[in-house]
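Here's the structure, in structure tokens; my notes come after.
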């Protein structure tokens, strides 16, 4: 039996999502492809020469010029201008990493975990020290989540393998989750953001209806799994409180076990082993379990509000077959820059730039933003940027609006 080359499993995982965009175009080879599929492929793969060799066995043939292509109707000028923008960003060294930035970020996560333990050790396990410790640990977990996101996108080290190793350590040992589960889910989101049946982040399992198309369709078909006209209210009960403690935890472990992903499972178990060794002496087994659940509960609120303020308020629809630049702008928006906003969101307040350049180190996203704004202005594309509070409130407004669309269609169509 032949062994896969190092990194092959990860490369194939990434290519799975980019091939969804590429296979409908002229060629499976990005260097031959003058379409927007080249932009998708380039966005995910820093080393094009390395990954291109894995495409050779997948080549079936070339589409004849008269054959239909999903590229028809896309704006070729936007595509050309975006490639010029990317080349400019490369010339400005915006894909070059400041390693001290990520080292300090990791150090502050370790410091937060140390402060949490010391608080309980020194002040005891009373209600006030416990609450303080829980909030400190939730902060540590949220920040570790942003850091694993950096390594998962291959945006830190030049060598892909080092990113993989660091990613498994951070998401596994510092968070108790699975790198492969995250890769499989997150890169589908990046390839087709806010596209039903392609982006898992908008698969709400009938608990919410999103955008304009879905609530109207549900209404016309008289689908009423929940009272969607009240979804902006019950969001507070089943959205932020349950996503990480219940849904993600169940999905992560069932995925690792069903796929026999034992390496990720060992990393995840190492986190829980460390956590319980640290806190069982203070709370006992049941108390430590409840304490961990409360930390997850707090972290989940942080995660949901930050990730949804950039996406759920934007266009959510079926596949429109746009060019790469336009598709990302229609599905993402930004939040104003400040030191707090950058830290609080892991620089995902620059969601537009992150989606256009997912391998760009996050500390450089603000530098490329003026170039993106300029390109948007040139082509009349809306570049949305808003204050943090308004971005958070827009989540509720968006859910309320979609719920009203559902109710109107349910009653009258």
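Cβ atoms are placed via backbone N, Cα and C, with glycine included.
It should be emphasised that the depicted structure is a prediction, and the values quoted were computed from it without experimental measurement.
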Looking at the candidate ranges 272-295, 296-319, 320-343, report the one that TrEMBL labels transmembrane segment. 272-295
Which is it, of 60-81, 126-147, 148-169, that TrEMBL names as transmembrane segment? 126-147
TrEMBL annotation (transmembrane segment) - matching range among 101-120, 181-200, 201-220: 101-120
Of the ranges 234-252, 253-271, 348-366, 367-385, which one does TrEMBL flag as transmembrane segment? 234-252
Should anything in the same chain at least six residues away from the transmembrane segment (234-252) have a Cβ under 8 Å from its Cβ atoms, list it; otherwise answer none. 177-178, 181, 207-208, 226-227, 268, 293, 296-297, 299-301, 303-305, 395-396, 399
Which residues of the chain, 6 or more past the ends of the transmembrane segment (126-147), have a CB below 8 A from one of its CBs? 102, 105-106, 108-109, 112-113, 115-117, 119-120, 170-171, 174-175, 291, 294-296, 298-299, 302-303, 343, 345-348
